[in-house]
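Here the structure comes first, spelled out in structure tokens, and everything after it is commentary.
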């Protein structure tokens, strides 16, 4: 330990001695610069220091500027340049000198020296900072639009160092780094994007460096805001005489000026003015002529703005012609005129006082006697006593309602006690409701009795039937026979038995349906199934308004037990016909109420079972009701009370219908208010124009007078209704008040109630299945058709599939199904209301037996001519006419083609115009000796398409035969008239030589690869060389000219491979270049994958582009000298006298005879026929439909759903040509009902609302435009 300390001390003493010796020797060494001067920038008049340090410290320091010694305080006492003890040069006040002289600015260095030597430091510059006064670009006043970009320009004064630019707004520094909309450009410009009104103000540009700062002149930024609506005018609906205000408020900077104009009409200046506070346009005392469009214009320096609103003027209905009272003898005709005007045009109806039935325009009763013309005239023919009463004509629109009443009095001969009453004819057997198949026959029996024998006539929907129709005949018994039924034969048929004593009627419906529908076909039972006649009714008790009857049941009940009885009566005081008692009668005794005092009555009874109605009993004795006591006094009081109530309820509109709101597909809620308090209102009738409810009611009775809203249910889905409310007073007789205004409403959509039609399931092979269908009828869609849902259920969960298509799809194809497995398939339509009912469950077993059955059915369907001839509804003459027209078209086309090319008829060559380019006036036919070895040529009839590596773009799928179509029928364009112009094929640069498919038409390749969802994507990937759209010049001929065209051009069918040979090598084409391929592999137990095929039409220019080319000619390439000189042969010419010489000399002589200026070639426009021929039955997808079947410009197939319009094997599409929503499927406007007899049969036609007794219903909406069209369906 001691030795270590001793050693350490010794080392330290040695080091100390060495250091001391070195320091003493350093003063004896040459100097060394230890601190060099650095660049300095200083402003004029400021001090500055240039440092310089050297070792040893005794070294002399000398300063130089720009290579010259610096005069310091050592040389000149009063110099402002001072050398410090450390050697640094201190400038007390930097001088800029005059005109650059005596300036302190320059390059400085110091020199350290002693007797041992000297050393020079690095140079350091002293630069003078400066900042000029004037800005190179001064800010200017800027006006900008709000929301756009504003630029305040500024270029700072010249200075050194470069001045830093900042900005002030309203004398406050802008912190641009904290303002995201502000940007300071490198050149000093201030950019505000987007500019806002808050940015308005005074801006100054500030330039700073070490010299100081410069502030620019102030510049004003004015931000103008374009006019913007705070409140746009809205459409207004007002009543005549009211005032209306169109509120139009606009903001902007400066405040916009507002002006009003009326579109295409003068402004009602005497009644229109700008409201206070400039709130809008106000029109006083609105008139119907004021209806129109009013436009609010707002304008300021930043721009203009306009908005319009429509004024709809409502005027309640008023009568131009009121109905007048009439007195008509029995059997005569009563006519009531009724004309109303209003804004909008009022809807009107007739009703008989005391009855709920509404008779709208075009109404025809079941017996045809009562009619309402489209103009509103009510006509009652063959007037009867029962027609007597008051008839009300009511008009209504959204503004209000009005009504007028007229009385009908029927005069008849009095029946005395000595004059026996002879009842009208009685119909023994009548027809029943029937549903029959199209093409079958119908017999409608009508056997009547009476003295004298009554005549029988028939009506359909209230109109006489045309017996002259060869299909319709009437038997001697009165029965109606209709052969070969058609759908227009559907309707309500009424039999009328008439003699001099009166008439009787019997009505029932006949419905005709296709065999493909799901309707239940019902034919009328044999009359032996009906009950026999009950016994003659016995009158037990008679009062002034009631009669009690007793009778016995019939001896035989027919094919079933008696379910009830029907009572009919005849009154000579009420009219010469039988009337029905509407009540349900279950027993053999009944008290009839509501009869008229002092009236005579006669009764008959009919029994009814579930099969139908039996024959009538013997009529009862004639009975007369009694006259009640104090009848006169009560009548006067009642009449007075009724008159008061009627005046108060009908003189003005008491109810205002405010809103009708849709609740769901079958229910709506009505809201109404009383315009004034009326104590006589005891309830309301809610009525409507539209289909009846499902329970056949056309109105709703609201019995509480305090109720102000009500839900009407059991309506039809997706149907338009027009509702109104009628108040009533329930006194001795019910009095109906004036109806309210009317309002329209559309019920919501519901799931389709009908399944898709014509669902077909067909096996293509043991693993492929095709499902096709047609859309259901329009009246069963219950909304807008959105598509279809196909459910496929296998025997294992991974074999199930749920496919959803759009509304235009008509089929799907399932691939890679499991052989031997049983699949259950359901197809249903869907709307916005949901998925509807399916067609049922179809089971398919994927085995050989099923396949053979399906293939046999397919072969039978392919016999198109056989099916056409056997269609009973297609006359042979139509087929002959079509064939004649077809032949005439072909002859005309051939004549036209020949006339176009008449100048080349002497040539033996064939004009080729199938995608090649017309290059010269007289080129000789050029073809390789071995075309199979020359990659430039390819038979135009074989439309193949190869990819870049030479392999076909068509690849085999597991079921290749499903995709292969024989292309022998689409042999290009080889057969063309002769012409002196000859053509070369245009080579496609960059592609294989034999890859020509009718020129360079753009090819689309469908990819039926499996997918797990219902969205399919169209593959548009193409080889790069297919995108080359340039025309390429033809290659020069390299072989001798043959004496005639090669055999393969003369007969394009020669040497063509068979279909099987092409299929075997994996190559084939479909529809002229449309290829199907699959990628990947599928396990046998994988879920079924679907594919839907598109049929793509090529555009007329052959490039695959979607540009329409109507009458456009292709511009040919510029001709060169080589186009007019025949190429030299590649082989020696043949011996003299060969036909080659004759051809060549002839051609050369003709060429020389043309002179120096060759004749211009005549170029045919590239026709559609020159490109890929597609299957004549093929159509573009429904998304690409356009004129000529070409896709719209700039549009692509909708890839969201590739459900296709697949073609049936018989050439037809499984989808209707029109869209599903376009189908005109009539909805039966008449509800099927049990047969009706007598006058109450007219209730069958109460559902015959609207025009021609049909429902006003929305038809399904078309997909191209999205507009709802309302029409009678």
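Just so it is clear, glycine is given a Cβ too, placed from its N, Cα and C backbone atoms.
Annotation comment: Swiss-Prot describes 1-23 as signal peptide.
Annotation comment: Swiss-Prot describes 31-127 as domain 'Ig-like C2-type 1'. Predicted-model confidence for the domain 'Ig-like C2-type 1' (31-127) is 88, expressed as mean pLDDT.
Taken from Swiss-Prot, the feature disulfide bond applies to 52-110 (among others), supported by sequence analysis. Sequence-distant neighbours of residue 110 (disulfide bond) (same chain, six or more apart, CB under 8 Å from its CB) are 33, 37, 50, 52, 54, 61, 62, 63, 64, 87, 89, 120, 121, listed in sequence order.
What Swiss-Prot lists as domain 'Ig-like C2-type 2' is 133-222.
In three-state terms derived from DSSP, residue 154 (disulfide bond) belongs to neither a helical nor a strand segment and is classed as coil. The disulfide bond feature in Swiss-Prot is assigned to 154-205 (among others); the stated evidence is sequence analysis.
Under the heading disulfide bond, Swiss-Prot lists 248-296 (among others). According to DSSP, residue 248 (disulfide bond) sits in a coil region rather than a helix or strand.
Other Cβ atoms within 10 Å of the Cβ of residue 393 (disulfide bond), summed over all protein chains shown, number 27. Residues or ranges marked as disulfide bond by Swiss-Prot on the basis of sequence analysis: 338-393 (among others).
Annotation source Swiss-Prot lists domain 'Ig-like C2-type 5' at 425-511.
When secondary structure is read from DSSP and collapsed to three states, residue 446 (disulfide bond) falls in the coil class. Around the Cβ of residue 446 (disulfide bond), 26 further Cβ atoms fall within 10 Å across all displayed protein chains. Sequence annotations record features per position, and here Swiss-Prot assigns disulfide bond to 446-495 (among others) based on sequence analysis.
Marked as domain 'Fibronectin type-III 1' by Swiss-Prot: 533-628.
According to Swiss-Prot, the domain 'Fibronectin type-III 2' annotation covers 653-750.
The transmembrane segment annotation in Swiss-Prot covers 874-894, and the record cites sequence analysis as its basis.
The compositional bias 'Pro residues' annotation in Swiss-Prot covers 1037-1046 (among others).
Annotation comment: Swiss-Prot describes 1096-1105 (among others) as compositional bias 'Polar residues'.
Marked as compositional bias 'Basic and acidic residues' by Swiss-Prot: 1106-1115.
Look at Swiss-Prot and you will find 1125-1136 (among others) tagged as compositional bias 'Pro residues'.
Shown for the domain 'Fibronectin type-III 1' (533-628): DSSP residue counts in helix, strand and coil, namely 0 helix, 45 strand, 51 coil.
Using a 10 Å Cβ-Cβ cutoff, residue 205 (disulfide bond) registers 26 neighbours. DSSP labels the residues of the domain 'Ig-like C2-type 1' (31-127) in these numbers: 0 helix, 47 strand, 50 coil.
Looking at residue 338 (disulfide bond) and residue 495 (disulfide bond), their Cα atoms lie 31 Å from each other. Of all the Cβ atoms in the protein chains shown, 24 others lie within 10 Å of the Cβ of residue 296 (disulfide bond). Assigned with DSSP, the residues of the domain 'Fibronectin type-III 2' (653-750) fall into helix, strand and coil as follows: 0 helix, 49 strand, 49 coil. As a summary of secondary structure, the domain 'Ig-like C2-type 2' (133-222) carries 6 helix, 42 strand, 42 coil according to DSSP. The shortest Cα-Cα distance between residue 205 (disulfide bond) and any of the disulfide-bonded residues 393, 446, 495 is the one to 393.
Taking Cα separation as the measure, residue 393 (disulfide bond) is nearest to 495 of the disulfide-bonded residues 154, 248, 296, 446, 495. Taking H, G and I as helix, E and B as strand and the rest as coil, DSSP gives the domain 'Ig-like C2-type 5' (425-511) the counts 3 helix, 47 strand, 37 coil.
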